[in-house]
Amino acid sequence: MFPLLLLLFALLPSSHGAQIPSPDQPKEIPVATNGQLFPWDRMRLPKTISPLHYDLSLHPNLTTLDFTGVVRIDLDVHEDTSVVVLHAKKMYISSALLLAPAGTRVLQVLEYPRFHQLALMSDVVLTKGRKYEVQLEFAANLSDSYHGFYKSSYRTSTGEVRVMASTQFEATFARGAFPCFDEPAFKANFTIRIIREPRHIAISNMPKVRTVELPGDLLEDHFDTTVRMSTYLVAYIVSDFQSVSRTTQHGVKISIYAVPEKINQTAFALDAAVKLLDFYDDYFDIPYPLPKQDLAAIPDFQSGAMENWGLTTYRETGLLFDPDRSSASDKLGITKVIAHELAHQWFGNLVTMEWWNDLWLNEGFAKFMEFVSLDITYPELQVDDFFLGKCFEAMEVDSLSSSHPVSTPVENPTQIQEMFDDVSYDKGACILNMLRDFLTPEAFEIGIIRYLKRFSYQNTVNSHLWESLTDICSSDDLDEGRMKHKEFCSKRKDESGASKWYSGDELDVRAIMDTWTLQEGFPLVTVEVKGREVRLSQERFLRTDNPSLTEGFLWQIPLTYMTSASRSVHRFLLKTKSDVLYLPEEVDWVKFNVNMSGYYMVHYGGGGWNSIISLLHHNHTALSGNDRASLIHNVFQLVSVEKVRLDTALELSLYLSRETEIMAVWQGFGELVPLYKLMEKRDMPELENQMKSFIVDLFRGLIDQQEWNDSGSVSQRVLRSYLLLFACVRNYSPCVTKATRLFNQWRDSDGTMSLPVDITMAVFMVGARTREGWDFLYEKYRTSLQMSVKSRLKWAMAVTTMTDKLQWMMEQSLNGEVMKTQDLPDVIVSVARNPHGFKLAWDFLRTHWHTLIQKFDLGSSTISHLVAGVTNQYSTREMLHRGQRSFQATFARGPGRSNTFVLVCFCLLLCSCVQIRSFFDSLTEEAGSQMRCIQQSYETIEDNIRWMDRNLPLLQAWLNKHGSRNHHQEL
């Protein structure tokens, strides 16, 4: 019966993500808005003309919420043409002129909104090799979304609402702010002028060179000309911000901008930015090319931050830090996001991918450099403890058939937006980390310096990076980076050529890395040890019941391993489907993928897992914390593809009662908690609470060791916050009692009592259980100016059991008066994860879908986060009763209650899947029906069905044998 359910699900209509039109399909004849034939029929701009310089003047009106502008663009003509095709979106063009040596001529303007294109039609030919200038006057409304030139606002402590305007142009939104060639390869210089009222300031990529008084009590700020850069990096802000500044050792002025009442929360960000920009200046051996770097905290901001050259922009939570009220997690997060955006000043800004298919060259590198830079500049943050989690997150989506290669073809704006995902960021970072380990950090650094110097102010593709990392010590006039490491190259020259890691005739970086960037997914390496012989094989790890989907994949895998006989790291490059290596002697155990430096999973065939389990139970510290975390991750993931039995994975997890290191503990929770989440929405309270009790009992010792203060390292503090929160959520009595007492004391003091920051999540969450407590938290949220405190209060309020409060939070966030609309996606997902709110979240998502995609943009990571967060493991008995009564009647006549119960649970999941498919399939392509995240949602639910099918009885039996009988009350 269960395979039949899967078959029924599989037969429903399927959506496979945004598709690129086939070149064989007939193209739609483009017609301009005036009915004339539009002279260009492709989404990518022609290469007949390229911009050299933009002279841009803007006048935003923060009262009427619109803006006017004039742009003059210097053009370089590569082929004779009488048409200039460029981008503009939702913009009124009032005048278009060609400024040529022979005189000024009026240009006819044709608009083709489908591709966001303008065609400027000239009555004279623009001649190849000559320079021309076009001038366009335009007007548009400030965007009410979070991209383009958009309106933002904030409320002061006195209740006054103040309006500002800011920009977010990545990836394809500069065209909504001024007419331009809005593709990354069309780099140019920009000279910007902004008209404003005296009560405001204006900032842009470059320093202000002068301010001119204009009639009507207006001022015009003139900014210096930028370096050559892509349109998506242009930025400007008109606001009443204040700033604090310092100068780096290399003479760059760093300024942090924020709303006046929060300027006292900028000191930490200023120190971090100064330290990190100096680090990158030295590490890349390329001076930061601008005289200043501004960091601005924007009250309304969709993504985490944006790397605009010379003016990086951030969410307030990503930049503002209060040493008395912000947590260790806040400090870690703020430092990482600053490190990420400043790394982009080289990777992305100085050297830019040619097209969005290679976005990972920007984002993968910036994500990777977060960890490299902070490991050196802020060792106390212990960032290495958190890198592994990024690889696990990437593998979660990369194990689906709907994943995509790191470098994959994209064309339209929705497809481009979809590239900003865990594959481009996290997988990109993880394969770079693997390559760095493979080449050695010294060789890798030489190669990337060579890459940056060779391609400064240019655009690149994958192969340019691999070429720069190949034969790094060869003589090359352009390769000045190697001089920084001449001792390294000299040493390598003296060594024998026997090592395949460095020998030029053996090492083909491009051949190796193409297998990681040009095909989706990642390998599962099966290891089987027989005496001294180690048999290796590889296949694609894919969560599917269709084996054919794993065929045709082959990676060149830089394997690392250690054994019970030697703690040295040994290396082996697996290039074929299978291979054999020989150990010097027989060993008790072998551990592959040391510290999980490689982006692959490992399955230990034969009795391999038994040896690993025995090691963990008797001497788990023989392996590093990262090694232990990777074993936990791998064994539970292998259950989902039937390589390992669930009881084997659960037996391994028992060692966690003695675990103390954050990554292993975190991964233990990360694998065990989803098991009860699968039951939480399926009316299975007995088994659900049994699983919850097992987890609490497993970590009880570590929970009891936690002190209710802010002592310890960053990792210890982050772990403490999570453990106490989990214990209180799961109603662990000692935690609930203490948190309740502290909340009451804090409330009695009207919130003035100082609580240790690390425990506030647990205290707030317990307080939100009562209506009076929830209302008190909301009042503190409404009046607080500390962004980190507001984030914790908001999260705690979303954990309440009161459904009216959950619904109200979503509606308030949509309204945006008190709870910012930028936080709406997080609020919806938090409500969806609440067992009392998941149905509310699904209904809210469906009801407001069109508003959400307009506000947050089709294909964006925000929409993807929403879809995954709301639909993941979704099902309710109410759904079954409402939509599938016939199934229930059939099962009620079955042979036994227990079988009927299990079948109903599976049908319950199926019914939810049917409704989810029904909704998304009803959408048009313009409303997102072809987005990749929808297909990923379908696949995840299918995987849930298979997991329940295979493992539910086994889980029940194992918990009956090992689990706690002292079940903790469910919330």
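Here the Cβ of each residue, glycine as well, is placed from N, Cα and C on the backbone.
All protein chains considered, the CB of Glu341 (active site, proton acceptor) has 27 other CB atoms within 10 Å. Marked as active site, proton acceptor by TrEMBL: Glu341.
The feature Zn(2+) binding site is assigned by TrEMBL to His340, His344, Glu363. All protein chains shown were included, and the count of other CB atoms within 10 Å of the CB of His344 (Zn(2+) binding site) stands at 25.
Under the heading domain 'Peptidase M1 membrane alanine aminopeptidase', TrEMBL lists 268-473.
Annotation source TrEMBL lists domain 'ERAP1-like C-terminal' at 589-889.
The feature signal peptide is assigned by TrEMBL to 1-17.
Around Tyr425 (site 'Transition state stabilizer'), the same-chain residues six or more apart in sequence whose CB sits under 8 Å from its CB are Trp360, Glu363, Gly364, Lys367, Lys390, Ala394, listed in sequence order. The site 'Transition state stabilizer' feature in TrEMBL is assigned to Tyr425.
Within the same chain, residues at least 6 positions away in sequence whose Cβ sits under 8 Å from that of His340 (Zn(2+) binding site) are Ala305, Glu307, Ala366, Lys367, Met369, Glu370. Annotated Zn(2+) site His340, His344, Glu363; additional same-chain residues within 8 Å of its Cβ mean position, judged by their own Cβ, are Glu307, Glu341, Ala343, Phe347, Gly348, Asn362, Phe365, Ala366, Lys367, Met369, Glu370, Tyr425.
If you average pLDDT over the domain 'ERAP1-like C-terminal' (589-889) in this model, you get 91.
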